[in-house]
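Have a look at the structure below before the remarks.
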Amino acid sequence: MPNASSWSASSPLLLLWEDSSGTRIFLSLLYAVLAISGTLSNVMVIYLVFSFKKLQTTSNAFIVNGCAADLSVCALWMPQEAVLGLLPPNSSSLRSAEYRLLRGGLLGLGLTVSLASHLLVAFNRYVLITKLPSVYQALYQRRHTGCMIGLSWALALLPVPLLPGLWTLGSAQSDGSSRYSALLLALAVLGQTALLLHCYLGIVRRVRGSAKRVSVLNFHLLHQLPFPAAPPPPRRAQRRLSSVSVLLLCCVFLLGTQPLVWVSLLGFFLRPAPPALQAASWLLLCSLSALNPLLYTWRSEEFRRAARSVLPRGEGPAAA
């Protein structure tokens, strides 16, 4: 197993220069599959929301914001990694510092806005379910929603001049700046995860405690919750399915984010993790960009109906 020094500043972000050609080809194919599937799913969700009026809700605005950010990872960053993984390690394309910084910037921008969008969606649903309708309407006016989306991009652009090496994992230097950057990244993801879990577990408690509270809210956003939309099952079954859907969403998110958090914390406080483990943790985080569209739309009857209307053998165009 190569040690931390085997990471090369000129190698692709998640590849080791000592990796065999078979490993590099496999990772390149994996990048290509994630890039194609993620690009298609993100573009499909964006198209459906802009094409169908019933899908133009506040919650879906945050989902579209996350899809736009995920496109920078799936459509721009992953194809480059797929191609670079097939090049020899001493290729001149891998040695350009400016090119490495560009790739790291694309990855950092996409993942930061995507994680922020996760939190915005969770908080939106939390307010919808647990607060009064008047509170929700006052908080999520169109202007406020636009400000939240703009703030997510502003926060993503802020670390670019301050921490240029934050997302360039390929170097993995042992100097202090790299270690503190990894610690800052781990703490940010850990805090975001804690807030997201607080929101979704609060939704689960409220739904399990009072199904009547959900039924009286006459909002289109209810269709965007990861709950069965129609026809409604019996109350006990509805609470059970709602809880399972929310917990499944949380489990997928934790599986994608937490390995990187704990690998980074391990490297800061104890010793650097093996490079292969670091690469796997980053690959799990990046794969969320391809899974996010399905994660938020697979239980929505409105999304399924809209998708059937535009896909081949559908039911015909729906009223936009």
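Glycine is no exception: its Cβ is also placed from the backbone N, Cα and C atoms.
Lifted from TrEMBL, the feature list:
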type	residues	note
TRANSMEM	25-50	transmembrane segment
DOMAIN	41-296	domain 'G-protein coupled receptors family 1 profile'
TRANSMEM	62-80	transmembrane segment
TRANSMEM	100-123	transmembrane segment
TRANSMEM	144-162	transmembrane segment
TRANSMEM	182-203	transmembrane segment
TRANSMEM	244-270	transmembrane segment
TRANSMEM	276-298	transmembrane segment
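Counting only same-chain residues 6+ beyond the ends of the transmembrane segment (25-50), those with a CB under 8 A from a CB of the stretch are 14-15, 19, 56, 60-61, 63-64, 67-68, 70-71, 73-75, 78-79, 81-83, 85-86, 283, 286-287, 289-294, 296-297, 303, 306-307, 310. In the predicted model, the domain 'G-protein coupled receptors family 1 profile' (41-296) has a mean pLDDT of 78. Through the fold, the transmembrane segment (182-203) approaches residues 115-116, 118-119, 122-123, 125-126, 129-130, 163, 166, 225, 246-247, 249-250, 253-254, 257-258, 260-262, 264-265, 267-268 of its own chain, all at least 6 residues removed from its boundaries and within a Cβ separation under 8 Å.
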